[in-house]
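Trainee: Reproduced below are the annotations present in TrEMBL:
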DOMAIN    68-358  domain 'SAM-dependent MTase RsmB/NOP-type'
BINDING   163, 164, 165, 166, 167, 168, 169, 186, 217, 235  S-adenosyl-L-methionine binding site
ACT_SITE  289  active site, nucleophile
(Lines of atoms letter the chains of each structure in order from A; the text may use other names.)
(Lines give C-alpha, C1' and ligand atoms only; values in the text may rest on other atoms or scores of the structure.)
Protein backbone atom coordinates (compact mmCIF):
# COMPACT_ATOMS: atom_id res chain seq x y z
CA UNK A 1 0.00 0.00 0.00
CA UNK A 2 1.35 3.42 -0.92
CA UNK A 3 1.63 5.87 1.93
CA UNK A 4 0.57 9.39 1.08
CA UNK A 5 2.92 12.13 2.14
CA UNK A 6 0.30 14.13 4.03
CA UNK A 7 -1.51 13.99 6.28
CA UNK A 8 -0.02 11.17 8.34
CA UNK A 9 -3.46 9.95 9.44
CA UNK A 10 -4.50 9.54 5.82
CA UNK A 11 -1.38 7.47 5.12
CA UNK A 12 -2.23 5.14 7.98
CA UNK A 13 -5.85 4.79 6.97
CA UNK A 14 -5.06 4.09 3.32
CA UNK A 15 -2.54 1.47 4.35
CA UNK A 16 -5.13 -0.18 6.56
CA UNK A 17 -7.72 -0.12 3.81
CA UNK A 18 -5.73 -2.05 1.24
CA UNK A 19 -6.32 -5.47 2.80
CA UNK A 20 -4.23 -8.40 1.59
CA UNK A 21 -4.62 -8.19 -2.17
CA UNK A 22 -4.23 -11.45 -3.93
CA UNK A 23 -4.73 -13.49 -0.73
CA UNK A 24 -7.10 -13.84 2.21
CA UNK A 25 -7.95 -10.49 3.79
CA UNK A 26 -7.28 -9.69 7.41
CA UNK A 27 -11.00 -9.84 8.05
CA UNK A 28 -11.11 -13.36 6.66
CA UNK A 29 -8.23 -14.48 8.83
CA UNK A 30 -9.91 -13.07 11.94
CA UNK A 31 -13.26 -14.69 11.33
CA UNK A 32 -14.07 -17.40 13.85
CA UNK A 33 -14.56 -20.96 12.69
CA UNK A 34 -18.02 -22.33 11.98
CA UNK A 35 -20.08 -22.82 15.12
CA UNK A 36 -18.43 -19.92 16.94
CA UNK A 37 -19.29 -16.21 16.96
CA UNK A 38 -18.16 -14.44 13.80
CA UNK A 39 -17.03 -10.89 13.30
CA UNK A 40 -19.98 -8.61 12.75
CA UNK A 41 -20.80 -6.65 9.63
CA UNK A 42 -19.99 -2.96 10.00
CA UNK A 43 -23.36 -1.32 9.43
CA UNK A 44 -21.84 2.07 8.56
CA UNK A 45 -19.89 0.51 5.69
CA UNK A 46 -22.79 -1.66 4.55
CA UNK A 47 -25.12 1.36 4.45
CA UNK A 48 -22.55 3.25 2.38
CA UNK A 49 -22.17 0.34 -0.02
CA UNK A 50 -25.94 -0.07 -0.29
CA UNK A 51 -26.33 3.51 -1.46
CA UNK A 52 -23.40 3.46 -3.88
CA UNK A 53 -23.60 -0.03 -5.34
CA UNK A 54 -27.36 -0.16 -5.80
CA UNK A 55 -26.88 2.90 -7.98
CA UNK A 56 -23.87 1.49 -9.87
CA UNK A 57 -24.77 -2.22 -10.10
CA UNK A 58 -28.56 -2.23 -9.77
CA UNK A 59 -30.16 -5.54 -8.79
CA UNK A 60 -26.82 -7.35 -9.20
CA UNK A 61 -25.75 -5.75 -5.93
CA UNK A 62 -28.29 -7.84 -4.00
CA UNK A 63 -26.51 -11.07 -4.95
CA UNK A 64 -23.06 -9.56 -4.43
CA UNK A 65 -24.06 -8.26 -1.01
CA UNK A 66 -25.26 -11.72 0.04
CA UNK A 67 -21.87 -13.24 -0.80
CA UNK A 68 -19.69 -10.44 0.59
CA UNK A 69 -21.49 -10.54 3.91
CA UNK A 70 -21.36 -14.36 4.21
CA UNK A 71 -17.72 -15.41 4.74
CA UNK A 72 -18.68 -19.07 5.12
CA UNK A 73 -19.50 -19.16 1.40
CA UNK A 74 -16.19 -17.62 0.30
CA UNK A 75 -13.89 -19.79 -1.82
CA UNK A 76 -10.12 -20.07 -2.16
CA UNK A 77 -8.08 -21.24 -5.13
CA UNK A 78 -4.86 -23.26 -4.94
CA UNK A 79 -2.08 -21.96 -7.21
CA UNK A 80 0.59 -24.63 -7.63
CA UNK A 81 4.25 -23.69 -7.43
CA UNK A 82 6.01 -25.15 -10.48
CA UNK A 83 9.33 -24.92 -8.66
CA UNK A 84 8.38 -27.41 -5.93
CA UNK A 85 4.96 -28.95 -6.65
CA UNK A 86 4.56 -32.74 -6.48
CA UNK A 87 2.18 -35.05 -8.30
CA UNK A 88 0.87 -36.18 -4.91
CA UNK A 89 -0.50 -32.69 -4.31
CA UNK A 90 -2.46 -32.69 -7.57
CA UNK A 91 -3.83 -36.15 -6.80
CA UNK A 92 -4.87 -34.96 -3.33
CA UNK A 93 -6.65 -31.95 -4.81
CA UNK A 94 -8.55 -34.18 -7.22
CA UNK A 95 -9.59 -36.46 -4.37
CA UNK A 96 -10.92 -33.47 -2.46
CA UNK A 97 -13.10 -32.40 -5.38
CA UNK A 98 -10.90 -29.67 -6.84
CA UNK A 99 -10.68 -29.19 -10.60
CA UNK A 100 -8.33 -27.29 -12.88
CA UNK A 101 -9.19 -23.65 -13.45
CA UNK A 102 -8.96 -22.27 -17.00
CA UNK A 103 -9.63 -25.55 -18.78
CA UNK A 104 -10.80 -23.60 -21.82
CA UNK A 105 -8.32 -22.20 -24.34
CA UNK A 106 -7.41 -18.68 -23.27
CA UNK A 107 -5.69 -16.05 -25.42
CA UNK A 108 -2.72 -16.44 -23.04
CA UNK A 109 -2.42 -19.50 -20.80
CA UNK A 110 1.04 -20.95 -20.17
CA UNK A 111 0.99 -24.67 -19.44
CA UNK A 112 3.13 -24.05 -16.38
CA UNK A 113 0.35 -22.05 -14.71
CA UNK A 114 -1.74 -24.53 -12.74
CA UNK A 115 -4.55 -23.44 -10.44
CA UNK A 116 -7.22 -25.59 -8.82
CA UNK A 117 -10.62 -24.57 -7.48
CA UNK A 118 -13.57 -26.23 -5.79
CA UNK A 119 -17.24 -25.38 -6.16
CA UNK A 120 -17.76 -25.79 -2.43
CA UNK A 121 -16.72 -23.13 0.10
CA UNK A 122 -13.72 -23.74 2.27
CA UNK A 123 -10.01 -23.39 2.30
CA UNK A 124 -7.21 -25.84 1.58
CA UNK A 125 -4.75 -26.06 4.52
CA UNK A 126 -2.13 -23.32 4.42
CA UNK A 127 1.60 -24.07 4.51
CA UNK A 128 3.89 -22.34 6.98
CA UNK A 129 7.00 -20.43 5.93
CA UNK A 130 10.14 -22.52 6.45
CA UNK A 131 13.57 -21.09 5.76
CA UNK A 132 15.28 -22.99 2.96
CA UNK A 133 12.15 -24.89 1.91
CA UNK A 134 9.83 -23.86 -0.90
CA UNK A 135 6.08 -24.02 -0.51
CA UNK A 136 4.12 -26.17 -2.95
CA UNK A 137 1.15 -23.86 -3.40
CA UNK A 138 -0.30 -20.41 -2.77
CA UNK A 139 -3.90 -19.78 -1.63
CA UNK A 140 -5.62 -16.88 -3.34
CA UNK A 141 -8.78 -15.43 -4.79
CA UNK A 142 -8.95 -17.03 -8.25
CA UNK A 143 -9.89 -13.69 -9.82
CA UNK A 144 -6.44 -12.41 -8.81
CA UNK A 145 -4.98 -14.39 -11.71
CA UNK A 146 -6.92 -12.42 -14.32
CA UNK A 147 -4.65 -9.33 -14.21
CA UNK A 148 -1.63 -11.61 -14.65
CA UNK A 149 -3.20 -13.39 -17.62
CA UNK A 150 -4.20 -10.06 -19.16
CA UNK A 151 -0.58 -8.86 -18.92
CA UNK A 152 0.62 -11.75 -21.15
CA UNK A 153 4.20 -11.92 -19.87
CA UNK A 154 6.79 -13.48 -22.17
CA UNK A 155 10.22 -14.94 -21.41
CA UNK A 156 12.97 -12.34 -21.24
CA UNK A 157 10.72 -9.31 -20.76
CA UNK A 158 11.38 -6.59 -18.21
CA UNK A 159 8.42 -6.50 -15.84
CA UNK A 160 7.40 -4.19 -13.00
CA UNK A 161 4.95 -5.19 -10.28
CA UNK A 162 4.41 -1.69 -8.93
CA UNK A 163 2.34 -2.53 -5.85
CA UNK A 164 3.50 -6.06 -5.22
CA UNK A 165 2.75 -7.02 -1.59
CA UNK A 166 1.83 -9.55 -0.41
CA UNK A 167 3.27 -11.16 -3.55
CA UNK A 168 0.59 -13.44 -4.98
CA UNK A 169 0.57 -11.84 -8.41
CA UNK A 170 4.38 -11.78 -8.56
CA UNK A 171 4.35 -15.51 -7.78
CA UNK A 172 1.75 -16.05 -10.52
CA UNK A 173 3.85 -14.11 -13.05
CA UNK A 174 6.82 -16.37 -12.37
CA UNK A 175 4.63 -19.43 -12.93
CA UNK A 176 3.81 -18.06 -16.39
CA UNK A 177 7.21 -17.07 -17.75
CA UNK A 178 10.87 -16.35 -17.00
CA UNK A 179 11.22 -12.56 -17.22
CA UNK A 180 14.62 -11.08 -17.95
CA UNK A 181 14.02 -8.81 -14.95
CA UNK A 182 11.17 -8.66 -12.46
CA UNK A 183 11.01 -5.54 -10.30
CA UNK A 184 8.74 -6.04 -7.27
CA UNK A 185 8.03 -2.76 -5.54
CA UNK A 186 6.17 -2.06 -2.30
CA UNK A 187 6.39 1.32 -0.59
CA UNK A 188 5.17 0.27 2.85
CA UNK A 189 8.09 -1.24 4.78
CA UNK A 190 6.03 -3.81 6.72
CA UNK A 191 4.27 -5.04 3.59
CA UNK A 192 7.63 -5.06 1.79
CA UNK A 193 9.02 -7.47 4.41
CA UNK A 194 5.98 -9.65 3.89
CA UNK A 195 6.58 -9.56 0.12
CA UNK A 196 10.21 -10.60 0.58
CA UNK A 197 9.20 -13.57 2.71
CA UNK A 198 6.58 -14.63 0.16
CA UNK A 199 9.13 -14.66 -2.65
CA UNK A 200 11.63 -16.58 -0.52
CA UNK A 201 8.90 -19.16 0.17
CA UNK A 202 8.15 -19.82 -3.49
CA UNK A 203 11.11 -18.88 -5.68
CA UNK A 204 14.39 -20.85 -5.88
CA UNK A 205 17.54 -18.94 -5.01
CA UNK A 206 19.02 -18.84 -8.55
CA UNK A 207 15.87 -17.18 -9.92
CA UNK A 208 16.03 -14.50 -7.23
CA UNK A 209 18.96 -13.06 -9.18
CA UNK A 210 16.57 -11.64 -11.79
CA UNK A 211 14.27 -10.13 -9.14
CA UNK A 212 14.71 -6.66 -7.67
CA UNK A 213 12.90 -5.63 -4.49
CA UNK A 214 12.37 -1.97 -3.69
CA UNK A 215 10.37 0.35 -1.42
CA UNK A 216 9.92 3.26 -3.82
CA UNK A 217 6.97 5.64 -3.93
CA UNK A 218 5.10 4.36 -6.96
CA UNK A 219 4.20 7.88 -8.01
CA UNK A 220 7.91 8.57 -8.61
CA UNK A 221 8.98 5.35 -10.32
CA UNK A 222 8.10 6.75 -13.74
CA UNK A 223 10.56 9.60 -13.30
CA UNK A 224 13.22 7.32 -11.78
CA UNK A 225 12.93 4.58 -14.45
CA UNK A 226 11.45 6.11 -17.63
CA UNK A 227 10.73 3.75 -20.54
CA UNK A 228 12.46 0.81 -18.86
CA UNK A 229 9.80 -1.92 -18.74
CA UNK A 230 7.95 -3.99 -21.32
CA UNK A 231 5.06 -4.84 -18.98
CA UNK A 232 3.74 -3.22 -15.79
CA UNK A 233 1.16 -4.53 -13.35
CA UNK A 234 -0.48 -1.90 -11.17
CA UNK A 235 -2.61 -3.71 -8.60
CA UNK A 236 -3.59 -0.40 -7.10
CA UNK A 237 -4.35 0.44 -3.48
CA UNK A 238 -8.13 0.57 -3.23
CA UNK A 239 -11.09 0.41 -0.90
CA UNK A 240 -11.11 -3.33 -0.23
CA UNK A 241 -14.82 -4.12 -0.16
CA UNK A 242 -14.52 -7.51 1.58
CA UNK A 243 -12.24 -6.26 4.32
CA UNK A 244 -14.07 -2.99 4.93
CA UNK A 245 -17.39 -4.72 5.52
CA UNK A 246 -15.92 -6.33 8.63
CA UNK A 247 -14.34 -3.21 10.14
CA UNK A 248 -14.45 -3.65 13.91
CA UNK A 249 -13.87 0.04 14.67
CA UNK A 250 -16.88 2.11 13.56
CA UNK A 251 -14.98 5.37 13.92
CA UNK A 252 -12.14 4.07 11.77
CA UNK A 253 -14.62 2.77 9.22
CA UNK A 254 -16.29 6.18 9.03
CA UNK A 255 -12.91 7.85 8.45
CA UNK A 256 -12.11 5.32 5.74
CA UNK A 257 -15.34 6.11 3.91
CA UNK A 258 -14.63 9.84 4.05
CA UNK A 259 -11.10 9.33 2.77
CA UNK A 260 -12.29 6.96 0.06
CA UNK A 261 -12.67 9.92 -2.28
CA UNK A 262 -8.90 10.50 -2.14
CA UNK A 263 -8.07 7.06 -3.51
CA UNK A 264 -8.98 7.76 -7.14
CA UNK A 265 -6.56 10.70 -7.27
CA UNK A 266 -3.78 8.47 -5.92
CA UNK A 267 -4.67 5.73 -8.42
CA UNK A 268 -4.48 8.17 -11.33
CA UNK A 269 -1.04 9.35 -10.16
CA UNK A 270 0.21 5.77 -9.89
CA UNK A 271 -1.14 4.86 -13.32
CA UNK A 272 0.49 7.91 -14.91
CA UNK A 273 3.76 6.85 -13.33
CA UNK A 274 3.31 3.27 -14.58
CA UNK A 275 2.83 4.55 -18.12
CA UNK A 276 6.04 6.59 -17.88
CA UNK A 277 8.00 3.46 -16.98
CA UNK A 278 6.82 1.66 -20.14
CA UNK A 279 8.85 1.36 -23.29
CA UNK A 280 6.93 2.44 -26.43
CA UNK A 281 4.73 -0.50 -27.34
CA UNK A 282 4.67 -1.75 -23.75
CA UNK A 283 1.47 -2.44 -21.83
CA UNK A 284 0.11 -1.90 -18.34
CA UNK A 285 -2.64 -3.79 -16.57
CA UNK A 286 -4.52 -1.88 -13.90
CA UNK A 287 -6.47 -3.84 -11.28
CA UNK A 288 -8.31 -3.35 -7.99
CA UNK A 289 -10.35 -5.48 -5.59
CA UNK A 290 -13.21 -3.00 -5.29
CA UNK A 291 -16.52 -2.58 -7.12
CA UNK A 292 -16.28 1.21 -6.99
CA UNK A 293 -16.70 2.86 -10.39
CA UNK A 294 -14.70 5.89 -9.20
CA UNK A 295 -11.67 3.68 -8.55
CA UNK A 296 -12.12 1.51 -11.63
CA UNK A 297 -13.51 2.66 -14.98
CA UNK A 298 -13.41 6.35 -14.02
CA UNK A 299 -9.65 6.12 -13.41
CA UNK A 300 -9.10 4.46 -16.79
CA UNK A 301 -11.34 6.96 -18.57
CA UNK A 302 -9.44 9.84 -16.99
CA UNK A 303 -6.12 8.43 -18.25
CA UNK A 304 -7.43 7.74 -21.75
CA UNK A 305 -8.86 11.25 -21.99
CA UNK A 306 -5.71 12.96 -20.73
CA UNK A 307 -2.83 10.86 -22.13
CA UNK A 308 -2.42 11.06 -25.89
CA UNK A 309 0.20 8.28 -25.97
CA UNK A 310 -2.03 5.58 -24.49
CA UNK A 311 -4.60 3.31 -26.15
CA UNK A 312 -7.00 0.74 -24.66
CA UNK A 313 -6.31 -2.94 -25.34
CA UNK A 314 -9.23 -5.26 -26.06
CA UNK A 315 -9.44 -8.05 -23.42
CA UNK A 316 -13.00 -9.10 -24.28
CA UNK A 317 -11.80 -12.48 -25.56
CA UNK A 318 -10.30 -13.21 -22.14
CA UNK A 319 -13.55 -12.11 -20.49
CA UNK A 320 -15.66 -14.30 -22.76
CA UNK A 321 -13.60 -17.42 -22.12
CA UNK A 322 -13.51 -17.07 -18.31
CA UNK A 323 -17.19 -16.18 -18.00
CA UNK A 324 -18.02 -19.80 -17.18
CA UNK A 325 -15.92 -19.68 -14.00
CA UNK A 326 -16.47 -16.03 -13.05
CA UNK A 327 -19.54 -13.82 -12.87
CA UNK A 328 -18.76 -10.73 -14.95
CA UNK A 329 -20.55 -7.41 -15.26
CA UNK A 330 -22.13 -7.02 -18.68
CA UNK A 331 -21.85 -3.91 -20.82
CA UNK A 332 -18.30 -2.88 -19.85
CA UNK A 333 -15.79 -1.54 -22.38
CA UNK A 334 -13.73 -4.07 -24.39
CA UNK A 335 -10.57 -3.07 -22.51
CA UNK A 336 -11.96 -3.92 -19.06
CA UNK A 337 -13.74 -6.56 -17.00
CA UNK A 338 -15.28 -6.63 -13.52
CA UNK A 339 -15.74 -9.84 -11.52
CA UNK A 340 -18.73 -9.97 -9.16
CA UNK A 341 -18.80 -12.45 -6.25
CA UNK A 342 -21.62 -14.99 -6.58
CA UNK A 343 -22.61 -18.19 -4.76
CA UNK A 344 -20.56 -21.06 -6.14
CA UNK A 345 -18.37 -18.49 -7.86
CA UNK A 346 -17.38 -16.40 -4.86
CA UNK A 347 -14.43 -14.79 -6.65
CA UNK A 348 -13.70 -11.10 -6.68
CA UNK A 349 -14.43 -8.29 -6.52
CA UNK A 350 -11.76 -7.80 -9.16
CA UNK A 351 -11.50 -5.07 -11.77
CA UNK A 352 -9.05 -5.41 -14.67
CA UNK A 353 -8.18 -2.98 -17.48
CA UNK A 354 -5.36 -3.01 -20.03
CA UNK A 355 -3.66 -0.10 -21.77
CA UNK A 356 -0.81 0.16 -24.32
CA UNK A 357 1.75 2.91 -24.66
CA UNK A 358 2.29 4.15 -28.22
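Yeah, the Cβs are placed from backbone N, Cα and C, and that goes for glycine too.
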Trainee: How many Å separate the Cα atoms of residue 167 (S-adenosyl-L-methionine binding site) and the residue listed as 'active site, nucleophile'?
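Mentor: Each residue's Cα considered, residue 167 (S-adenosyl-L-methionine binding site) and the residue listed as 'active site, nucleophile' end up 15 Å apart.
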Trainee: I'm trying to understand the geometry here, so how far is the Cα atom of residue 169 (S-adenosyl-L-methionine binding site) from the Cα atom of residue 289 (active site, nucleophile), in Å to the nearest whole number?
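Mentor: The Cα atom of residue 169 (S-adenosyl-L-methionine binding site) is 13 Å away from the Cα atom of residue 289 (active site, nucleophile).
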Trainee: In whole Å, how far does the CA atom of residue 289 (active site, nucleophile) lie from that of residue 165 (S-adenosyl-L-methionine binding site)?
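Mentor: Distance (Cα to Cα, whole Å): 14 Å.
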Trainee: By a simple count of other Cβ atoms within 10 Å, which of 165, 167, 169, 217, 289, the recorded positions in the record, is least packed?
Mentor: 217
